[in-house]
Amino acid sequence: GLPVCGESCFGGSCYTPGCSCTWPICTRD
């Protein structure tokens, strides 16, 4: 949904619940 999760995912994973990796940043669903 919302574009920003406040997390980067250079390693390929997001640790914030409800977020997915759109490299290199995490995006919310």
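Glycine is treated like the rest: Cβ placed from N, Cα and C.
Quick look at what Swiss-Prot lists:
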DISULFID  C5-C19  disulfide bond
DISULFID  C9-C21  disulfide bond
DISULFID  C14-C26  disulfide bond
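When the alpha carbons of C9 (disulfide bond) and C26 (disulfide bond) are compared, the span between them is 6 angstrom. C14 (disulfide bond) sits 9 Å from C5 (disulfide bond), taking the Cα positions as reference. Look at C5 (disulfide bond): DSSP puts it in coil. Between the CA atoms of C19 (disulfide bond) and C26 (disulfide bond) there is a gap of 6 Å, rounded to the nearest whole number. Counting every protein chain shown, the Cβ of C21 (disulfide bond) has 17 other Cβ atoms within 10 Å. Mapped onto three states, the DSSP output places C14 (disulfide bond) in coil.
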